[in-house]
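Enquirer: Would you mind keeping the following structure in view while I ask a few things?
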Amino acid sequence: MLVSGRRRLLTALLQAQKWPFQPSRDMRLVQFRAPHLVGPHLGLETGNGGGVINLNAFDPTLPKTMTQFLEQGEATLSVARRALAAQLPVLPWSEVTFLAPVTWPDKVVCVGMNYVDHCKEQNVPVPKEPIIFSKFASSIVGPYDEVVLPPQSQEVDWEVELAVVIGKKGKHIKATDAMAHVAGFTVAHDVSARDWLTRRNGKQWLLGKTFDTFCPLGPALVTKDSVADPHNLKICCRVNGEVVQSSNTNQMVFKTEDLIAWVSQFVTFYPGDVILTGTPPGVGVFRKPPVFLKKGDEVQCEIEELGVIINKVV
């Protein structure tokens with residue numbers, strides 16, 4: 001109860017602040033809890049600071065999880081559009097606890113070395129094909145949840161990333177058809193244990209990327225039609241208020257369409273699947289000397305039009 005209360009207070013406080021990048025005011029789908037509701041619900045985050053529209057109250061036949069919502073495609077999206085246009089009563093921020101917009105997806109696909117300026121930071125060549133790895137779904141937490149430092153690592157680092165959420169099943173998808181399989185976009189924090197990436201576990205990346213709480217997502221799934229150009233968005237990360245990463249998604253080596261086409265050669269995409277598209281320069285490990293997260297730090301990951309997620313390190 002204390003944790004939920006702290007999350008609701010943080011939600012209310014951050015909504016009162018002015019952030020550098022203004023979020024889209026269109027379709028912003030969220031998963032949330034509220035004290036008077038049983039279990040998670042689907043909602044629409046309003047862009048004017050008003051709160052959250054409860055989609056399940058608007059139409060009780062709607063599913064209560066984002067994955068099930070996306071599986072039904074246009075039928076459920078049309079209900080959400082009607083709710084947005086209806087100017088319904090909203091739940092105030094102070095009563096809402098935001099969950100990750102997608103929880104327990106079939107897969108979380110991650111991409112390494114996918115920003116030109118991040119490659120320059122490391123003095124390495126730009127990859128000729130996408131570098132793919134994964135996180136377990138159990139690493140996903142909400143946009144304002146805490147990141148827990150694991151005792152197994154002394155080198156936990158930050159990474160702000162644009163996340164793509166799949167809305168339509170597919171395999172062997174052509175790049176020209178890829179955006180038809182995208183539901184929308186959200187902000188991700190790809191928390192990374194550098195010692196486990198570079199010196200442990202045979203230098204395989206999985207364990208260092210997938211500790212519990214190592215994948216905060218949110219605050220909303222912004223539908224693709226609400227984002228003018230996902231490959232021209234300002235992206236930044238702040239640690240304790242200091243800007244540590246600042247770039248633009250136009251620096252991505254492989255764009256959303258290329259990543260979907262590449263990965264779908266190997267696996268089937270399902271609604272709710274998440275693709276973390278890589279991070280820009282400014283991570284702690286490449287600073288001189290290296291800097292890593294410590295207890296008490298606060299990390300803010302923000303992307304233009306999508307919003308900001310804030311995670312305290314404990």
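Any Cβ shown, glycine's included, is placed from N, Cα and C.
Sharing the features that Swiss-Prot gives for it:
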- GLU159, GLU161, ASP190: Mg(2+) binding site (BINDING)
- 1-84: transit peptide (TRANSIT)
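So that I understand the layout, could you describe where these features sit and how close they are to other parts?
Expert: Under a cutoff of 8 A between CB atoms, and with a sequence separation of 6+ in the same chain, the neighbours of GLU159 (Mg(2+) binding site) are HIS189, ASP190, VAL191, SER192, CYS237, GLN245, THR279, VAL283.
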Enquirer: When you measure from the Cβ of GLU161 (Mg(2+) binding site), which residues in the chain that are at least 6 apart have a Cβ under 8 Å away?
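Expert: Listed in sequence order, they are VAL187, ALA188, HIS189, ASP190, LEU276, THR277, GLY278, THR279, CYS301.
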Enquirer: To test your reading of the Mg(2+) site: which residues beyond GLU159, GLU161, ASP190, same chain only, put their Cβ within 8 Å of the Cβ centroid of those residues?
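Expert: Counting only non-site residues, the set is CYS110, TRP158, VAL160, ALA188, HIS189, VAL191, SER192, LEU276, GLY278, THR279, CYS301.
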